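One structure coming up, written as structure tokens, with questions to follow.
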Amino acid sequence: MTTILTCPFKKLPTTSKWALRFAIRPLSCSSQLRAAPAVQTKTKKTLAKPNIRNVVVVDGVRTPFLLSGTSYKDLMPHDLARAALTGLLHRTSVPKEVVDYIIFGTVIQEVKTSNVAREAALGAGFSDKTPAHTVTMACISANQAMTTGVGLIASGQCDVIVAGGVELMSDIPIRHSRKMRKLMLDLNKAKSMGQRLSLISKFRLNFLAPELPAVAEFSTSETMGHSADRLAAAFAVSRLEQDEYALRSHSLAKKAQDEGLLSDVVPFRVPGKDTVTKDNGIRPSSLEQMAKLKPAFIKPYGTVTAANSSFLTDGASAMLIMAEEKALAMGYKPKAYLRDFMYVSQDPKDQLLLGPTYATPKVLEKAGLTMNDIDAFEFHEAFSGQILANFKAMDSDWFAENYMGRKTKVGLPPLEKFNNWGGSLSLGHPFGATGCRLVMAAANRLRKEGGQYGLVAACAAGGQGHAMIVEAYPK
């Protein structure tokens, strides 16, 4: 099949007026920055399945998401994960001994705490009899932690699960070069002074050059930012459109923060420093200021910049999920049901960031829903260009037929229902923790706005993606 990034896009809008085709007013207009009105909808069918246990979210919390290199810079990942767990315990008052299992997602592992879920659980005071494990699936690691928990509960293996995720980008592992590592290991095995001196004689100064963490995809040798730039170009997403969307994200996040809607954030007293109470990456600017920034990846003609990309972020999240009957027996009023979910994978070269486009129709079909049934959309915003490219792909019959094997397009999420309290562009994106934030945002929005169904979706490195249906718990 002709590569997606070289073939001309048939029946896809190719001008900056694509928003008119979608019946979307300019993203920067004030009407788009107001919170959406409560969804006036009749109660729809429930998605409960016969002979399968209902899994509910009791509540979820997260530490404030901070720009890397700021207040969390002297911590370790398990410190943040422990803070999220402690915050969850305080929020829910769940007895530690009733938790059957703890699962956390993370991407960049600290060698000292490779099973960060276990170390954080012990640090937060959970019983040493409570098992814990860590999963990694790039930007959908927390999603995998949650759905693993859903499976354990639905199958009857567990009743109470804590799922979450953590990422600390302020202190990523920087290794010695491979030659230096080999030399040091060989020196450790040497049995005589002669052997040691012989090995030392092989040392060269260039052995000291550090090995920085890879930022490119292993399978393609391309950075995600570079891929986002190519994807935006393939779908004719302009720089202005990307900046407008980023401005929308920051403006809505600031509004939600000021109005106290980001209730999943719990204060965290950083040892030796002040208490952190809110996300610090929310920075509404202006299109004029954003236009001054130079391309970050493809220079000089690229359209992806620091302003329309998510930033390196430190943070952790945690959720208490239970079998419905267990939650009710303990006196809890759950926030939402976790319903159908779907994982997808596609070409990591040309479709790296199109996970939401592929996962959305599959999870809707699995749940027996349509786009019109969804009251709250929460999509991970890696880049503005990624979001807008997914919009165009989802609104294209041609793309659906030629790349997805579908007869009709997926359909476009209504912008008035989309990421109404900001997204990863503004709130931040700690790789391993974002999935829980998305689900809690959907659950909290459904309660606030009066909707019934939420759709969470995210892309991930490796050309993978995830989507999940969240159903509001009856009030």
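Cβ from N, Cα, C; glycine included.
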Suppose you had to name the range Swiss-Prot annotates as intramembrane segment; which of 78-125, 174-221, 366-413, 414-461 would you pick?
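Among 78-125, 174-221, 366-413, 414-461, the range Swiss-Prot annotates as intramembrane segment is 174-221.
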Would you count the other C-beta atoms found within 10 angstroms of the C-beta of LYS273 (N6-succinyllysine) for me?
13
When a 10 Å sphere is centred on the Cβ of LYS189 (N6-acetyllysine), how many other Cβ atoms does it contain?
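A 10 Å sphere around the Cβ of LYS189 (N6-acetyllysine) contains 8 other Cβ atoms.
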Considering only the recorded positions LYS73, CYS139, LYS273, LYS299, LYS333, LYS349, which fall within 10 Å of HIS429 (site 'Increases nucleophilicity of active site Cys') when distances are taken between Cα atoms?
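Within 10 Å of HIS429 (site 'Increases nucleophilicity of active site Cys'): CYS139.
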Which is it, of LYS191, LYS294, LYS299, LYS333, LYS349: the one of these modified residues whose Cβ has the most other Cβ atoms within 10 Å?
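When each Cβ's neighbours within 10 Å are tallied, LYS349 tops the list.
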Can you tell which of the modified residues LYS73, LYS189, LYS191, LYS294, LYS349 lies nearest to LYS273 (N6-succinyllysine) in space, using Cα positions?
LYS73
Long-range neighbours only, meaning 6 or more apart in sequence with Cβ under 8 Å: which ones does CYS139 (active site, acyl-thioester intermediate) have?
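CYS139 (active site, acyl-thioester intermediate) has long-range Cβ partners VAL107, HIS380, ALA382, HIS429, PHE431, THR434, ALA458, CYS459, ALA460, ALA461.
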Going by Cα-Cα distance, pick out whichever of the modified residues LYS73, LYS189, LYS191, LYS299, LYS333 is nearest to LYS349 (N6-acetyllysine).
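That would be LYS299, nearest by Cα distance.
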